[in-house]
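Heads up, the thing below is written out as structure tokens.
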There are 2 protein chains.
Amino acid sequence: MTSQADLVALDQSDPLAPKREEFSIPEGLIYLDGNSLGALPKAVAQHLERVVEEQWGRDLITSWNKHGWIDLSARVGGKIARLIGADPDEVIAADSTSINLFKVLLAALKLRPERRVIVSDIDNFPTDLYIAQGVNQLLGQSHELRLVKKEQVEAALDEHTAVLMLTEVDYRSGWRYDMAALTRLAQAKGALVIWDLAHSAGAFPVRLNACNADFAVGCGYKYLNGGPGAPAFLFVARRHQGAALPFLTGWMGHRAPFDFDPYYAPAEGVHRMKVGTPPVLSLSALDKALDVFADVDMNEVRRKSLRLTDLFIERMEPLCRRYGFELITPLEHERRGSQVAYAHPEGYAIMQALIASGVIGDFRAPNILRFGFTPLYVRYRDVAEAVERLEQVMSQELWKAERFRERAKVT
Amino acid sequence: MTSQADLVALDQSDPLAPKREEFSIPEGLIYLDGNSLGALPKAVAQHLERVVEEQWGRDLITSWNKHGWIDLSARVGGKIARLIGADPDEVIAADSTSINLFKVLLAALKLRPERRVIVSDIDNFPTDLYIAQGVNQLLGQSHELRLVKKEQVEAALDEHTAVLMLTEVDYRSGWRYDMAALTRLAQAKGALVIWDLAHSAGAFPVRLNACNADFAVGCGYKYLNGGPGAPAFLFVARRHQGAALPFLTGWMGHRAPFDFDPYYAPAEGVHRMKVGTPPVLSLSALDKALDVFADVDMNEVRRKSLRLTDLFIERMEPLCRRYGFELITPLEHERRGSQVAYAHPEGYAIMQALIASGVIGDFRAPNILRFGFTPLYVRYRDVAEAVERLEQVMSQELWKAERFRERAKVT
């Protein structure tokens, strides 16, 4: 068992400890929900003020050139590329994860016109599945959407598979796929692979090109700390950039947007995946937020993430025995993202009571308490303190209060 | 000819004059490009600071409920509805104009499955045409995209027309369609009509429901002053809301996003047209920017807009004769938006020189100088002063300087 002295020592010797100072974390709050909305990097507030006052307010339309708004999608994409094992010219930041998935899924299906099956995980984040359903409806239900449990994914792949579409880390359990192995297996069957990195980018080193990934998408507002609803990102492996077409063909993806040609011609490379004018304020926040990672070794992030999640699991063991929490996150490091989740029939009310006690995690239907560990700002002592507060919530039956049972719009 | 004394009197008696104080306009600058990027409403800067520090920074994930982020798309849509003659539950703010057009164009085509022609204006803003081309490619080139000149639109409509898709005000010439008449004509042939209000919303009163429009989209960053790349909006007439489906089916458009059901079921009404998580920072800027309109009579805006553009045209007459500017904006009020444009073979260099002299308009290929008049912050005396500076640019041949001839990325 890790002692109090061990915790202090762990925090003191943590090479990432100084990073916490770069974030604005409310006093006394233990924030274990960076996998839903990353905390505010302090530099973002100041940067955004300048973008509003100086770029928009003072330089107005000239900022498209003067402050490089026109290249912002690509510049932000380049910063993300380093974190996900891609080259800068393979990534753009734009739109939402859902819309980016729509673009790359359509592009991928058109690269495998003779194949009619999309394989995915039935427990994939719903928007990914909805997008696949919408795409299939659009194509006249020409495809089969084969949704299976994680352990059946390999068996579901065959010579009819056009696309394997997976989120690397399960948003509920924190279960992590073996990206290299699954990519290899799917490609051996002739399929293309799309990875959703919503719970991967910024959480641990991702190696898209080392795994030979075809396409990827991901989220700007979780571990990348880009702010609420931050623009998402999109990756197209260089080998597909000539043939992959977006179908969502907007002027920002045109070869020469300011020629105002009435006929569409795709821009070079990944740039054709841009559609409309990007939300510059939100994109600028993400741009600045990514600078927090500039001097960060992602291997160090992973080491600390595993120590934090190991520690949480260890501390939670007595509560599991005493109160019936059931760990649903893999113990095996290779199969784990940067979160830990427990099932409990009273999960909703327990999480509400825990939040009221100053520990923010979240609830995922039907019965899951989810705790995200962001190594850049979560301390070892936060982990111990979070479990202590949960112990109080349980031992004092705080969660039984009426006010914790009423469902809010967003849970 | 309007005298200097007339100008002073016009500004003094202008009921919209106090509105200028609500905007941050750089000292000495004459900004005639609000049709490209609206100026910064002062209240937005302060509001955004609070959204960043208090909502994101302090309240973190709880802001989805506490600060109503979850309803922001609909709330902002409701504010826009008043400006475009729609009901609040017919409009949402989301994504970009291009993506919104993609959604409503697909929805409209699926409502007319037996018809195979999309009619539009060959001079429509290119992204609208690109989106239609992408949609058609996606549908296996099943449709004909019939692109015609403005005067041929009526003749192009027939019993094969599925959708008539027009931008109400031409982005180059400022030519304005008769929305009521065109909608009636197209519907008489059995077609559906999509209006792009990019240069209409916030510029003059739009009457979508009075004109019986079917669908509409529009831009948040021009006359609505929502900031660079602000989220766009989308209108679905209530009579179509039951049958119109988005195809871009993301979790925010699901009936119950937080049930995390793996199968898509559309939300009620226009809400199903939401896709992914919206960019809350950019959307909050637009939200606050719209409050500038709260006490504004849009008929007053239109009156002033016509006076400003009339005055500009009057003052430009001698320059047309002397330097060869050719007015391409209609003199007829009913056919005019809130901008005035001139063709000139040296348009690019002339506009660069004019910008250097402190009057910002913009250039549109191949040869058009475009001037936007935003009645909320442009004064009558600005109009006179702008023409005087242009006269200087021409008489002193300032535009011949080498530095004004090099094309910037965005022009």
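Every residue gets a Cβ built from N, Cα and C, even glycine.
The structure displayed is predicted, hence computed values, not measured ones.
Around B:Trp251 (pyridoxal 5'-phosphate binding site), the same-chain residues six or more apart in sequence whose CB sits under 8 Å from its CB are B:Pro257, B:Gly276, listed in sequence order. Annotation comment: TrEMBL describes B:Thr97, B:Ser98, B:Phe125, B:Pro126, B:Thr127, B:Asp128, B:Thr167, B:Asp196, B:His199, B:Tyr221, B:Trp251, B:Thr277 as pyridoxal 5'-phosphate binding site.
Close to B:Lys222 (N6-(pyridoxal phosphate)lysine) in the fold, though at least 6 residues off in sequence, lie B:Gly34, B:Asn35, B:Ser36, B:Leu37, B:Gly38, B:Ala198, B:His199, B:Ala201, B:Gly202, B:Ala203, B:Gly372, each with a CB less than 8 Å from its CB. In three-state terms derived from DSSP, B:Lys222 (N6-(pyridoxal phosphate)lysine) belongs to neither a helical nor a strand segment and is classed as coil. If you look up TrEMBL, you'll see B:Lys222 marked as N6-(pyridoxal phosphate)lysine.
Around B:Phe125 (pyridoxal 5'-phosphate binding site), the same-chain residues six or more apart in sequence whose CB sits under 8 Å from its CB are B:Thr167, B:Tyr171, B:Asp196, B:Ala198, listed in sequence order. Chain A comes close to none of the recorded positions B:Thr167, B:His199, B:Lys222, judged by a C-beta to C-beta distance under 8 angstroms. As a whole number, the greatest separation of Cα atoms within the pyridoxal 5'-phosphate-binding residue list B:Thr97, B:Ser98, B:Phe125, B:Pro126, B:Thr127, B:Asp128, B:Thr167, B:Asp196, B:His199, B:Tyr221, B:Trp251, B:Thr277 is 30 Å. Sequence-distant neighbours of B:Thr97 (pyridoxal 5'-phosphate binding site) (same chain, 6+ residues apart, CB-CB distance under 8 A): B:Thr127, B:Asp196, B:Ala198, B:Val217, B:Gly218, B:Cys219, B:Ala232. Secondary structure from DSSP puts B:Phe125 (pyridoxal 5'-phosphate binding site) in coil.
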